[in-house]
Structures are given as C-alpha cells and as structure tokens.
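The structure under discussion appears below in the form of structure tokens.
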C-alpha cells in the first residue's frame, strides 16, 4: 500500500510540475478553502492560502495537518516515518497570507472560496483583477451564484470559470467545472485538466442556476422540509426512508445539518436558484 501510494503521489507530482497551472492561490481559509488548499498541495503544487486574519489561517493550517494525519493513519499504518515525511512534504507546499493583492502577482490560478454573497465576491475579484498577471485564471467555488455575474466585475471574463468542489474536499471526487458564456475554451480545458491532476473527477457544467448537483439537490431538501412541516413524516423517518428506500448515504435532514443551515439559506436566498426551486415545487404540487 505504501509503495502504491508513493507511486501515485510521485506520478501526480510529476504531472503537476508539467501542468500549465503550478502556483495556486486559494482565497478563504474556511472548511472548503482549507480542503482545496490541501488537495492542491498533495499533488505537488505550490499554494498560498489567504484569509483576513492570522488566527483564521493558523486554524486552517491545523485543520489541514489534522486531515493529513488521518490520511497517514490509513495509508502509512506500517511506516509511520514515511507518513510523517509525507505530511511535512505537503505542508511545505502551503504558505499563508493576509494580503491577497500581493500574493496573486505571482500565481497561475486563483480559487475563491468565501461567503456566498455576490457583491463580496465581485469586490474581491475586481481588486485582484487589477494586480494579477494577464494570464492568471480566476475561478469561483460558488455553489449557486452565476459565474458570469461574478466575472463581470473583472476585465478577464474569458479567463474566468467555476470550480465547484464538494465537502469534504479531500474525500469527495467530484468537481463541477463551469463554463460561463464568455469563458474561453482554453480556460475551460485548463480547469478540467487541473481538476484531473488533483485526482478528481470533473464534470462539465453550463453556467445554470445550481449547476448540476444543487439544481437537483436543493429542491429535494426543501421538499423534505415541507413534508415534515405538513406533518407527513418525522425528520427521523424521512431520513431513514431515503437511506433505505433510495439508497442515499444520508437522509435530507442529516445532509442539511452536514452542509450547514446557514449555507443552505445562502443558496436558497439566491434569486436564481430560488426561482428554479419555486418553479419545481409549484409543478410538483400541481401533479
């Protein structure tokens, strides 16, 4: 197992060195941003994790180290020294900063993973657009906001796309790669290849509300809530029904808790996906 893991990591590191994207800046040191930084560093890329305070970044670094050590327990159980070497090697690929503007002057890709607020994202990218090199690709990890609306705050709409990772990032294989109308094919192909180099399984998405997963998932979660509100089933029974009847690993209420009610609210409050949810539920109730 240790030999296989070493071989895979060596292959991925080699691929990273030969890829167009070598240096990555991740904006946002929360759960998603830390996870993205980890998988980027594991595959040999140089990554800078950016947030607004040193305290947040210290917590992020501790979370990444803890996650790596959990990986080590499984993959290097019989070789603890090799496991520790692996952890330290990955951590050396990660640096932190509270100054996004200075960091992006030397980066190939910026991945934003901050709060689901269009204005805040636009302000961030507008600032970074003025200092990042012309060839730097911008990407948002938004789960519901239109990529085109975020990109509109910049002068590089052709070099702007979506990279929607899923939580927990080190474990989940899927990445939705979103192509907005103005995203160039070269940019889109670079994001697809970058996702593959990370060991993920990318799927191509148009810039439609909720993309693929949340476009289907959010109406399901909202209908589960309405089902419970109408007294048609307890939370516990609805969860068990969907796990045993539909084969889902989590029931809707378990998933709502896991994703976070605040995150779900941000998604639903978004006028784009909210409209799609209401149209779906109106149709569903009418049949």
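Every residue gets a Cβ built from N, Cα and C, even glycine.
Taken straight from TrEMBL:
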type	residues	note
DOMAIN	23-208	domain '3-hydroxyacyl-CoA dehydrogenase NAD binding'
BINDING	67, 74, 143	CoA binding site
SITE	164	site 'Important for catalytic activity'
DOMAIN	210-272	domain '3-hydroxyacyl-CoA dehydrogenase C-terminal'
Residues 67, 74, 143 binding CoA per the record - widest CA separation, whole Å: 31
Residue 143 (CoA binding site) CB neighbourhood, other CB atoms within 10 A: 26
Residue pair residue 164 (site 'Important for catalytic activity'), residue 143 (CoA binding site) - Cα distance, angstrom, rounded: 6
Secondary structure tally of the domain '3-hydroxyacyl-CoA dehydrogenase C-terminal' (210-272) (DSSP, helix then strand then coil): 48 helix, 0 strand, 15 coil
Number of Cβ atoms other than its own within 10 Å, given for residue 164 (site 'Important for catalytic activity'): 26
Protein Cβ atoms within 10 Å of residue 74 (CoA binding site), excluding its own: 10
